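*Asks:* Before anything else, here's the structure in question.
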């Protein structure tokens, strides 16, 4: 009986200790601060955001009236194709001719059948709700890897944009589907699935020329039914660079008179500006990509050693307050990283802290580190080097667009927090930029003031991005020169010591 009572008391005490440990670890102000402000908490916050967004989207679909704009026209265009028409000049809807490539036709043809020939719009809204949640998960996954932006910024950004929710579940535009493929490809790229990333992303020039051929091949396969029958009509309609947009719907050029807005020389000027801006970012972009690939290669070298250390720590499991000396020796074992490797890790962490604006982490006592039983480097944080060029080049395209319609907001909305946190501006300025951009996109119809304000915000944001990128490039060049000088000094010292050794040998002889 006494034995049973002792066992039950021990079990009760263990349960009490687990609850107490859970309370101390999670139910406190420091942990709440961690969830709100620390980018490392994003994997946890992602679950919260997706659950709230699920409820929010269901509420919007059920309570806010649907507005018909392009859905019926999409269905009419696909209906023509499904009836056997492959001549793009004959594929039309209520809003005009079909102007999208073959991928659009196939995707919306599937939606045509799933939604009872486009009649079940309520079901289509829920499908687009799923697309929104899937895309949001892909976006948050990138943010979680990069650890660039605090969680509270993404929470505010996701929950407060009426325009974005409207584009997805109340308008059923085709742009969200294209952006879904973009973020799917970016996730594949940062996971180093270059081939499959190129399948999703038509500008797959990131790693080698091979990706260009992959993208071209995908486009040829998708467009084959139209290219083999009416190639001129297909190319002219789906890749029409001379297309004139309706001034009525413009968000960014309301202040321009219609004749100037539709003038081809104005369009050529924007094209030249676009190319010049891209050219300005070519060198930083290539430097970022090269460093990204280099860090990923270093990850392959470091990770096995870290895994080995973690396995050793888990196997030993030293008890608290015992053998503290041997615990420290364990951390300093011969299997630990070399001095050069440790120096690299320190430099890597400092550079990422500098670019992300994070504070230096607190030093951990060796015994505390053993308690955590985990040694890790968040190498995924180097995805900042891959994402920044992608987001900047996409943003330049938006800045130089001939016209931005309301549905085009999805082209860069989810990258705006990342871009704002890639500038040297204060927190107040970043919030102001994001707030003003949201204001401009929610102004309907657009006004001269909203259009000018949008351009000013874009230019200020682009200037901050350019400043930070070139500053990073400059610092990188200085650091490289210092490393080269240090290596030369080491080589000289080694050479001098070798000469001295040879001289001493000769004297002895």
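Glycine is treated like the rest: Cβ placed from N, Cα and C.
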*Asks:* When TrEMBL marks a stretch as transmembrane segment, which of 80-97, 98-115, 152-169 is it?
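*Replies:* Checking TrEMBL against the ranges 80-97, 98-115, 152-169, the transmembrane segment one is 98-115.
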*Asks:* Between the candidate ranges 208-228, 229-249, where does TrEMBL place the transmembrane segment annotation?
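*Replies:* Result: 208-228 is the stretch TrEMBL calls transmembrane segment.
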*Asks:* Scan 307-337, 338-368, 369-399 against TrEMBL and say which stretch is down as region 'Disordered'.
*Replies:* 307-337
*Asks:* Give residue numbers and ranges for long-range contacts of the transmembrane segment (98-115): same chain, 6 or more residues beyond its ends, CB-CB under 8 A.
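*Replies:* The answer is 74-75, 77-82, 88, 91-92, 121, 123-124, 127, 174, 177, 219, 222-223, 225-226, 234, 237-240, 243.
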*Asks:* Could you pull out which residues elsewhere in the chain have a CB under 8 Å from any CB of the transmembrane segment (121-140), counting only those six or more residues past its ends?
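*Replies:* Residues 42, 46, 49-50, 53-54, 57-58, 61, 66, 71, 111, 114-115, 154, 158, 165, 168-170, 172, 176-177, 179-180, 183-184, 186-187, 414.
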